[in-house]
C-alpha cells in the first residue's frame with residue numbers, strides 16, 4: 001500500500017478500492033504461479049454484472065412494474081441461498097488471491113474460472129433484478145457507491161506488467177484508478193515486487209480464503225442492506241401511492257356522493273315541482289272547465305237574447321213604420337188645412353173664444369154669489385120651520401085643554417060624540433103636520449149642504465103635500481062652522497100657506513140650480529172648445545213653421561215653441577169639414593158648434609181616483625205614444641217640453657224616497673205607506689215609470705189627489721200636500737213646474753166645499769141621471785166623457801183651469 005490511506009474490501013472476486021484523492025488506474029487480478037491471470041477475468045465479470053444490472057434497471061424502469069415490500073425478503077433469501085451454493089461448489093484451490101502493490105495501492109483480484117463466472121453472472125443478474133430500482137447513487141439505504149467500471153482491452157502487454165501477465169495470451173479488462181500523482185515504476189522494481197509476491201503466496205493463501213469469506217459476508221450484507229433499502233424505499237413509495245390512491249378514491253367517492261346528493265336533491269325538487277305542476281294543472285283544468293261551462297251558458301243566453309232582440313226589433317220596426325205612416329197622414333192633413341186657409345179663421349175663432357171665456361168667468365162668479373144667497377135663504381127657512389114647530393106645540397096644548405074640558409062636560413049628548421071625532425081628526429092632521437115639519441127640517445138641512453141633492457124627493461113631497469093639504473082644506477071647510485075649533489083652523493091655514501110658500505120657493509131654487517148646471521155645462525164646453533181651438537192652432541206650427549208666414553199668421557203664433565203634447569192633445573185631428581157630420585154622441589142639442597172635450601187636465605181630474613195602468617192611464621197615453629217611442633224617448637220628450645231638461649226615466653225607489661222625505665218633513669206620522677205603495681206600484685214596470693203610457697205630471701197629480709182624499713187629511717190639513725208636486729219637480733227637474741194654462745187647483749176653501757158637495761152629488765146622480773150609454777161613440781175610446789161627467793166637473797174643480805192670456 002502507498003502512503004495514501006486506502007481501504008479495500010474484496011469478496012467473490014470483487015475489489016473495492018476506496019482511495020481519497022486518487023483515480024482508479026487499473027484493477028488486475030492476482031494470478032498464481034501455475035494458473036492464468038485472474039485480474040482480467042474478474043474485471044470482465046464485474047463489467048458483465050454491471051451491464052446486467054443496468055439492463056435490468058432499464059427493463060424495470062421501462063416496464064414500470066411496482067413490487068410490494070414483502071417481495072424483497074424472498075428475493076434476498078434466494079440470493080443468499082445461491083451464494084452459499086456457489087461457495088460449496090468452489091474448491092479451495094480455485095480461490096484467487098489478490099495482489100496488492102505498495103507503490104500503486106492497486107489491489108488486483110484474480111479472476112475466477114469460467115464456470116464460476118457463469119454462476120456468478122446468474123447470481124448477479126438475480127441480485128440485479130431484486131435491486132434494480134436502487135442503483136441510483138443514493139445513500140439512503142447503503143453507504144457504498146457503485147460506479148460502472150471502464151473496461152480496457154489491452155492487445156499488447158505493457159512493459160511494466162509482471163511476468164505472469166506476459167505469459168497470459170488474452171487481454172483482460174481491469175479497473176483503473178488514476179491518482180493525482182503517479183510514480184514511475186521501473187522494471188527492476190516490478191521484478192522485485194513479483195519475486196516478493198511469489199515468496200509471500202503461501203502465506204497469503206490463508207488470507208485469501210479469509211478475505212473471500214469476508215467478501216461474501218460483505219456482499220451478503222450489502223445485498224441485505226440494498227434489499228432492505230429497496231424495500232423501505234419501495235414501501236414508502238407504495239405507501240405514498242396507496243395513500244394518494246386512497247385519497248383519490250375517497251375524493252372520487254366524495255365527489256360521487258356529492259353528485260348523487262345533488263342529483264337526489266334535484267330529483268326531489270323536480271318531484272315537488274311535478275306535484276305542484278300537477279296540482280296547478282288540475283286547478284287550471286277545473287277553471288277551464290268552469291269557464292267553458294260559463295261560456296257555453298253565456299253563449300246560449302246571448303243566443304236567446306239575440307233572438308229576443310231580433311223579434312223585438314222586428315216589432316219595433318213594424319211599429320215605427322206604422323207611426324211613420326200616421327205621421328205622414330197627419331202632415332197631409334195639416335197641408336190640406338193650410339191649403340184651405342183655415343189658419344186665419346182659427347185665430348179669429350180663438351179670439352172669440354177668449355171673449356166667451358171672460359164672459360163665462362163673470363157668469364161663474366155670479367153663480368157663486370147666487371149660491372151663497374141660496375145658503376142664507378135656506379138658513380132663514382130653517383128658522384121659520386122652528387117657529388112653526390113652536391106654533392104646533394102651542395096648538396097641541398090647546399087641543400089637550402079642549403079635549404079635557406069636553407070630557408068633564410056632558411058625555412051623553414050627541415054633540416060630544418061628533419066633537420070627539422073632530423078632535424081625533426084634528427089630532428091626525430096635527431101628527432101629519434108634525435111629520436111634514438120634520439121632513440122639511442131634514443130637507444132644509446140637505447139644502448144647506450147641496451141644493452141640487454133632493455130634486456126627486458122634493459117633487460114627491462110636493463105631490464104628497466098637495467094631496468094632504470087638499471084633504472085638510474076639505475075637512476076644514478066642513479067644520480069651519482065650529483066655533484070652538486076656529487083657532488085651530490086658523491093655525492092650520494097658516495101652516496098650509498107657509499108650506500105652499502116653502503114648496504114654491506124650494507121649487508124655484510131647484511129650477512135655478514138646474515139652470516145653473518146647464519149654464520155651467522155650456523161654459524165648460526165653450527172653454528174646452530176654446531182650448532181645443534188654441535191647440536189646433538199650435539199643432540199647425542209643429543210640423544211646418546213656414547205655414548204661419550205663408551198664410552199671414554201672427555208673430556206670436558209663429559214664435560211659439562214646438563211641444564210633444566200637440567200630438568197627444570189631438571190624436572184624431574181632422575178638418576172641421578170632414579168630421580162635421582160624424583160627431584153624434586158629442587154634439588150639443590142646442591144647435592151650436594161641436595165642443596170636443598178631449599183635454600188632458602180635465603180628464604185627469606175626473607179619472608184621477610179611478611186611474612189604473614190597465615184602463616184609464618192607457619187611454620190617457622194612447623195618443624201620446626204617437627209622438628214618442630219607448631220609455632226613454634217619452635221621458636226625454638216630456639222633460640224637454642215641460643222643463644227644458646233631459647231626464648232619464650223615473651225610478652220607483654227614488655220616487656218613493658222623495659215621498660218619504662216630504663212626509664217626514666211635513667207630517668209627524670204617516671200610517672198609510674202600504675196603501676200608497678200599492679197605488680204607486682201600478683204605474684211602475686220593472687222599477688221604472690211607464691212614461692210611454694202616462695205623463696209623469698199626471699201621475700204626480702194623481703198621487704197628490706190620492707193623498708188629499710184620505711179621510712185623515714181632508715179637514716184641517718193646512719195644505720200639507722199643496723207643495724208636493726213642486727217638491728218632486730224640483731228634485732227631478734231642477735225647478736218647479738207651472739201648468740201652461742193657469743192653475744189647475746182651486747183655493748183651499750173652495751176645494752173643501754167642492755169635495756163635500758161632490759160626495760152628495762154622486763149620491764144624487766144615482767137617482768137623477770139616467771144610465772150612461774153602453775157605447776158612447778169613438779170619442780169615449782180616447783177619454784171622452786158624457787154630459788153628466790162634464791156637468792159635475794166644474795163643481796169638483798171649482799175655478800176653471802184656464803187663463804185669459806191663452
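Cβ coordinates are placed from backbone N, Cα and C, and glycine is handled just like the others.
Cross-referencing 737-757, 758-778 with Swiss-Prot places the feature region 'Disordered' at 758-778. Range 503-529 is the one annotated as coiled coil, of 125-151, 233-259, 260-286, 503-529 (source: Swiss-Prot).
It is 152-207, from the ranges 152-207, 320-375, that Swiss-Prot records as region 'Disordered'.
For the ranges 49-69, 70-90, 91-111, 217-237, the feature annotated in Swiss-Prot as transmembrane segment maps to 217-237. Segment annotation: Swiss-Prot labels region 'Disordered' over residues 457-478 (candidates 391-412, 413-434, 435-456, 457-478).
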